[in-house]
């Protein structure tokens, strides 16, 4: 595992927005309508000069005024623009991230600003010179390493501009590095001239076309990334900085460019990705004024690449380029409108500091990637050699295989799109859940402050904002559902194509196997996605518990004070650190005053090799019968715990002790005559402060859905006890850690009715009951692995049980 030092405190900063107006070109027959005042204010005049006197005196004009961090007129050069952001570029050498991107319509001067010419070099060239000048002038003994990569996004497909024949590249999410492009070539460089050579090489491979709006229009988005590693010679420390320079393609209108065919499709894809970027800027800008809002990063690959630059760990500069011509009034105003909203976006920056272990792990990763690349090249070479010796009559088979490969690629893209849509829908629902929680808190606050009009008005205003966000998110969710339905229709079409190929081709066995393989691959990918989502939720819940406990300890609050205060509020806190006071003995063994005479002592041990908790009974306990030992099983790939036993579960009894409410077990009353129903006794009196159980025998109906220990006695005679004051044996959780704390806050105002359990067939078949951390997630199922039985949990509490094979039915009131 790489070793990472605790990062320094995060610093919150806003986007730096600069506006550059290009000069008026000779072919533009019109007047200049843009004015730059005091290097900060931009005024766009009304392009219509024919308005009558009444319109002018009534101030009905299209004139617009904006203020930005920096504003540059037509006479400014790229060096003037660069001086305003040079401090951001220099911070890359000291372990910080920086992003610079140009935004504007086609022909407004984005590529000129970023790349420039020999006489007026652009921001990319000037940034590279600054980085290497700082490395050369550094007087410390630190070692520097600079790498460069260059990619383009063309028609929502990523290509490597440093590779002669680059294939399609995919985006991946790395837990340490964030969004990365799999297979992107990164070249080690030692001077700015070398990077300029690579930049010119990449620009020669970049997609450009001539349109009526721009003679050299960029048809793709380009991202030049410079990574700087700084290693201190006498210390075990590495700092990593990253500079991303982005040249976006310009938005365009089909009516103005008169494009057709491929150019028209390219323009549509460019506008689509820029619209996704504009929506992200709008959502991020709203968060400063209206609070929590969903940001649709997944709508485009461009926005996913720029995610860190827009809201992550990066200092970001946005250069908005505009045209002064009156014919470009609408494009100019739209660009300035989005630039004005971008001023509200905030990012959180911190130094990227690691240790030498991280440095060495990067080399190991590079070695693994090179070995994988060598293996792929060998495979491709073998395929090429076999193709050279192919016979003419086999070319038909080759065409069929090529068609199958293309169909396979479409299936993979269909599955990946579905996963992305499901992820986006999941994030949207999570955002709405937090909004509804805040809405509930606002309603409670309004009810408490009914007499304070000013406070109620402020809370009501905030409540309306939250309702608007919920409504917007619901509309976005409907759109995602529609996209998922269209994706499913496309999947059915692909399936029909495969079935048709199977019916029309003579080699039906091979095609049928291929079809099944692709379908299994699709199902496996979706299952991996569901598992990843559930693991993420488990991790978030555990982090929340750990942070809560660390917060209490950091404030100097003692555990006894926490327990006393929680007991007064009706909250139960179980400290799992007191599970085993003495090794080898269960907790109940060490409290003899609470032990009934005929209940054996049961302990639990964990086997790391088999990933199971094995229960055992103390042979010195009173009693003459031995019950089958239950087992607590953990499925490695599900990270969930399942309690396995031979008997049906009895209810969990609760008692009130000095530590609050704890669980106790009572045996179920049973009538074991053949064919008769078994009866399970549930408590008839429950205190209001005790947690409420859900309809299943092993579930709490609380927001946390924590699993409570549920055991049965091997003896047939029931012991009747009271809830309050009964001296029942305390039951501790199966697994414990010194810092693990479970907080439950539940209430139950009505008595629980008796529950009947009827069985048919075999009595002692093994059954499994379990819970999942995903019980609150819509559409995600939880299966307990046992003999023909499983349990599903749904949002809002409650369970739905299904059983197969043993005809078991449960009825609960």
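Note: Cβ is positioned from N, Cα and C throughout, glycine not excepted.
Swiss-Prot assigns the feature region 'Disordered' to one of the listed ranges (633-663, 664-694), namely 664-694. Your range for coiled coil, going by Swiss-Prot and the list 349-391, 392-434, 435-477, is 349-391. Within its own chain, residue 108 (ATP binding site) has 22, 250, 321, 322, 323, 328, 331, 335 as residues 6 or more apart in sequence whose C-beta sits under 8 angstroms from its own.
In the structure shown, across all protein chains, 107 is the one of the binding-site residues 107, 109 with the greatest number of other Cβ atoms within 10 Å.
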